[in-house]
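For reference, Swiss-Prot has these:
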{"type": "BINDING", "residues": "8-33, 267-277, 419", "note": "FAD binding site"}
{"type": "BINDING", "residues": "15, 19, 22, 39, 42, 71, 299, 427", "note": "substrate binding site"}
{"type": "ACT_SITE", "residues": "43", "note": "active site, nucleophile"}
{"type": "ACT_SITE", "residues": "43", "note": "active site, redox-active"}
{"type": "BINDING", "residues": "151-166", "note": "NADP(+) binding site"}
C-alpha cells in the first residue's frame, strides 16, 4: 500500500490529499502541519478581523478529527517537517509540542508549506502580521483587550488594503503608510488612483514614501521625522517561501527560495511534488516564467498532482494567467496576464475604454475603466486590467477565457454579451476594446 506524505495542510496540501483519497481509497496518507489549524480560508482572514465574517468558525473547514472521520487521512498539527532525505525517501519531523523528533518514510512526497509573512524586525508588543488563523485570533484578541482605536497599517499590497478596509468598517481608525509610491503592484499604477480617492473620501490618513524608523512603546518615529502614537501596528510587507527545510535535500531551489516545477508539478527529484505559493511555473499565454501565489493556482495544482499520483499521467498544467482581483471599499481592481513590469519584454500596443458598467439610463450606473495590452506581432492579448464600482470582475474573467484560448484583440468584437440594461450594453466594453484596436 503506497504511503503518501503531505507537508502543509491548508489550501494546497489538504485539497491535494482529499483529491487523492477521492481517486484512491487504499493509500496511506498523512499530512504534517506545523501550525495549530488546518484547512482554514486564508482569503477570509481580513474579513474575520472586520467582523464581516460573523463567526471565525466559518473560516475553518476542517479539524484533524473531522478530516480523518470523513476521509481517513491523518493530519498531525504542530508537526513541522525540518529536513528531507530524498535518497532514503524520509522526512524528519519535529513535534512542536513535545520537542521530539522522528523520521517518516514516504513513497510520494507532496510539498505545500506555503509562505510566511515578512517582518520589519522591530521588537514591539504592538506589532502583528497576518498569515493564518492564529494571527487573526491574536489581532482580534489584542483589539478587544486593549480597546484599540488607532492602527497603523504598513504596506499597500492587496492584503494590507483588505485589512485596512476591514479595520475601518469595524470602527477603528487606521492610517496607511507605504515605503514607495507604487501601491497595489499587480495593477497598472495610474489605475490605482481610486484607492487614494477612497482613502480621502473617508478621511483615512495615508503617506507614501514613508517608513518606520523606530518603535518605543506606542510612540512611532518615521523616516520623515514625524512622531505619532498608535495602539497597534499591522505589517503587510510581503512574504517569503517556507523553503529553508528543503535545503537539506537535492531539490532544486531558485535564488529566492522558490521551487521550479514541470507541468506535472514534479521537482527535479523523483517522487516529490510541489504545489502552492512555493512553486514557480510559467504563463499559459506567453513564454515567460511565472510565480502566482494565489488560491486558484494552489487548488489547480492540487488536482493535477492528485490525478498524477492516482495514475493519470497524461494530465498536465498548461500555465498561469495570473487572474487576480481585490475589493477596496466601493471599488474593484482586477487584472489578468503578465505583470505591468513584464510588458517591456514585448512589442505591444494598449487600447482602453471608459464607460458605464451598464446602460446609462438604468439607475446606479458608474464608470468602468477597461484596458487591454496586445502583442503587435500576433495581436494576442498579453494583459488586461479593469477598475470600477461594478462589472470589473465579469470583464476580466471573460478576457481571461479569451487569453486561455489565444483569441486576438480583434476577435473581441465577436464576443456575444448577455445584455439587459441592468447588466451591460448591446455593444459591451469588451466589444469596444476590439473595435478600438482595429
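Cβ coordinates come from backbone N, Cα and C, glycine included.
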Largest inter-residue Cα distance among 15, 19, 22, 39, 42, 71, 299, 427 [record-listed substrate binders, Å]: 49
Proximal but sequence-remote residues of the same chain as residue 153 (NADP(+) binding site) (Cβ under 8 Å, at least 6 apart): 160, 163, 164, 167, 174, 175, 176, 177, 233, 234, 236
Rounded distance in angstrom between the Cα atoms of residue 271 (FAD binding site) and residue 22 (substrate binding site): 20
Subset of binding-site residues (15, 18, 22, 71, 159, 276) lying within 10 A of residue 43 (active site, nucleophile), CA to CA, in sequence order: 159
Closest of 13, 151, 155 to residue 299 (substrate binding site), Cα positions, binding-site residues only: 13
Residue 71 (substrate binding site) and residue 18 (FAD binding site), Cα-Cα, nearest whole angstrom: 7
Cβ-based isolation winner (fewest other Cβ atoms within 10 Å) among the binding-site residues 8, 13, 155, 157, 276: 157
